[in-house]
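Beneath this line is the structure, given in structure tokens, with notes to follow.
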Ligand code: S3P
């Protein structure tokens, strides 16, 4: 636990880079472990969640070196090089670690148990077990949750429709499909993030992707050749950039540059929403980094107006609702978020926790079963708020503190390091002030 008092801010200025993308860092570790030979991952995210994936792979016999904090070398042992773990594998608080590993371990020749901390044990796991069972996997959940008991087995390719629009589930199926005895076809029903597909293709996997029924449909052919090791630079995480980005938009007099940020369109729903709301965000220097689109963002404070968010846009900004809610408190009019019931099964029930904490700050917010409604603009007031141990809520509340009338007190911001180590220092470098309590 580390509590902070956040002070009102008179404007953010300057330029910063952001830590590497969390989703890409997880995948680089996992796929690197399956390649034949060492993969080098530069600008790796040393956040709690990715360190959980590294720990899990080490338990499965993979050697991982860290020559510097943000460079990782994974010594891949090939598709059949994993070894059984002697004890249950601890995925800590990371849903991505657990769900992707479930897919990877389903087709091994040994059994595994996946477990984690209480926050993770509350999250739904049948969503990944059900499609894997359709491929022949033997997975038992614990009343729908972890611990997961996986008995590795020979898997069969099949045709699946992604019932839950989740990139974690899709990626678990793709990892399992590498081991299946025939091709696996997945039909998406929403635009979920496509980092696994991009990385598999870059490593030489035979993955055909096309559009069917408006969404992507992909077929992965079982892999008979070794995957090519990676040599990548991970772009900065858009989901981390979201915090200084929104802060600069809503704190008058701000003007900042965020360098080398991933702008994969499956991830930038928040940017599209903010631009529709009147945000001044300019995109410079667009390029491809590690087969992923990246750019520099220039952000200036802006008058925002309310918007309605629903449908596919929800999926493309699924991690950004806590910080989006802060932006909505400063927008003119009633912002409505619908079709977002998935937020109830994230690190916390993010509809309930956002509503509870923002109300303490004086926000005009109404809870919906599938989202929330916020009427603004409102000058936020001083209060003691709780992050509930949820990294993205902690960082969103910190940004709320910067625009509040008086200092606000947050009980725990240490959890920010699950996805954004150095969050406080980055915000401070742009002009934010806080005191540790
Ligand atoms: C992630 C996918 C998303 C996201 C999570 C990371 C990933 O979860 O919320 O933070 O890396 O695949 P879902 O796939 O469950 O939507």
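Backbone N, Cα and C define each Cβ position, glycine as well.
Any TrEMBL annotation is an automated prediction that lacks curation.
Predicted, not measured: the structure shown is a model, and the values here were computed from it.
The domain 'Enolpyruvate transferase' feature in TrEMBL is assigned to 11-427. What TrEMBL records for 22, 95, 123, 168, 350, 392 is phosphoenolpyruvate binding site. Annotation source TrEMBL lists 3-phosphoshikimate binding site at 22, 23, 27, 166, 168, 319, 346. Per TrEMBL, active site, proton acceptor is recorded for 319.
Sequence features annotated in TrEMBL and their locations in the structure.
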{"residue": "22", "record": "phosphoenolpyruvate binding site", "contacts (Cβ under 8 Å, 6+ apart)": "45, 47, 49, 50, 96, 237, 239, 240, 419"}
{"residue": "23", "record": "3-phosphoshikimate binding site", "contacts (Cβ under 8 Å, 6+ apart)": "96, 167, 193, 195, 267"}
{"residue": "27", "record": "3-phosphoshikimate binding site", "contacts (Cβ under 8 Å, 6+ apart)": "100, 171, 195, 196, 199"}
{"residue": "123", "record": "phosphoenolpyruvate binding site", "contacts (Cβ under 8 Å, 6+ apart)": "95, 145, 146, 345"}
{"residue": "166", "record": "3-phosphoshikimate binding site", "contacts (Cβ under 8 Å, 6+ apart)": "99, 127, 192"}
{"residue": "168", "record": "phosphoenolpyruvate binding site", "contacts (Cβ under 8 Å, 6+ apart)": "95, 96, 99, 100, 128"}
{"residue": "319", "record": "3-phosphoshikimate binding site", "contacts (Cβ under 8 Å, 6+ apart)": "239, 346, 392"}
{"residue": "350", "record": "phosphoenolpyruvate binding site", "contacts (Cβ under 8 Å, 6+ apart)": "321, 322, 343, 344, 390, 392, 393"}
Across the binding-site residues (346, 392), the Cβ with the fewest other Cβ atoms inside 10 Å is that of 346
Binding-site residues 27, 123, 350, 392: those with Cβ under 6 Å from an atom of ligand 1 are none
Going by DSSP, give the three-state secondary structure for residue 166 (3-phosphoshikimate binding site).
-> coil
So residue 95 (phosphoenolpyruvate binding site), by the Cβ count within 10 Å over all chains shown, scores 22
Per DSSP, residue 123 (phosphoenolpyruvate binding site) is which: helix, strand or coil?
-> coil
Among 22, 95, 123, 168, 350, 392, listed as contacts of phosphoenolpyruvate, what is the widest Cα spread in Å, to the nearest whole number?
-> 19
The mean pLDDT across the domain 'Enolpyruvate transferase' (11-427) is 97
